[in-house]
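Trainee: Pasting in a structure now, in structure tokens, and then I'll have a few things to ask.
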Ligand SMILES: NC(=O)C[C@H](N)C(=O)O
């Protein structure tokens, strides 16, 4: 028998639509009552570890999940399926990717339509996630996201549409695999990550999004506040309006780690431009350029690096060499 651990955390996949049209959490997990056609050699062990909409998930819940999955490897499971709300699914997936060292197949899935809506995608995604997690080829691939018959690696996947079932994409790099009716088919290798098995998730790390006409107000406020790091979603390839530079400099002088991603949904941040506020200057000032991931993921990466107690040089390496 292939034993798969199922961890339900909530989200639309755990919700039902009420008579007034509003979608909310159910006391009893709606997937539990549904007929789930699976190969006979798969045994599910199900735990409802949380029942939360995913905007209520924080790094604390992510850490609890990580600790539960750590135990699973010695409990004779071949894989783990985590059902999760889609709003922050990519963040939990990336946190687990950054913190878990194991060989299990680990798959997150969710739904865009609640359990009793017409064309509900929850049961189907759940089945496809289980098929993936029980398959030999999904082992040693880190944390995967299975939605709408695509397989994505945690690092690059992001929710791109508010309601469509075809919402999870990896804009620059594409999916790493697809699902046929009965098995996962991997098309690419995953990029291996060094995992830090942290035990705490302490730290305040705001994300600041750049915009045309931005001035120094936000960085000035941040330099007067107790924070542990800042992520900037910069313009284009990694540039900022010149007005922000003095207050950003103040923040950097205080020793606050500042990392930058692009606010574009495609491509990577780089130090290309040499004008005032361009990437060349920002890098020279000490801003760390993080390549190819979103602001919320860079934030989790910095949180993990800080809680792993990396020194300044190692933290810079961790944030920039990805
Ligand atoms: N489709 C979903 O799961 C969205 C929901 N708001 C959640 O993340 O909990």
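Using N, Cα and C of the backbone, Cβ positions are placed for all residues, glycine too.
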Trainee: With 86, 87 listed by TrEMBL as substrate-binding, which of these, 54, 120, 134, 137, is given for the same site?
Mentor: 54
Trainee: Determine the C-alpha span of the substrate site listed in the record, that is the greatest distance between any two of 54, 86, 87, in Å to the nearest whole number.
Mentor: 7
Trainee: Between residue 86 (substrate binding site) and residue 12 (active site, O-isoaspartyl threonine intermediate), how many Å separate their Cα atoms?
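Mentor: Residue 86 (substrate binding site) and residue 12 (active site, O-isoaspartyl threonine intermediate) have their Cα atoms 8 Å apart.
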Trainee: Would you mind listing, in sequence order, the residues at least six apart from residue 54 (substrate binding site) in the same chain with a Cβ closer than 8 Å to its Cβ?
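Mentor: Result: 9, 10, 11, 84, 85, 86, 87, 88, 89, 92, 110.
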Trainee: What is the pLDDT of the domain 'Asparaginase/glutaminase C-terminal' (206-319) when averaged and given as a whole number?
Mentor: 97
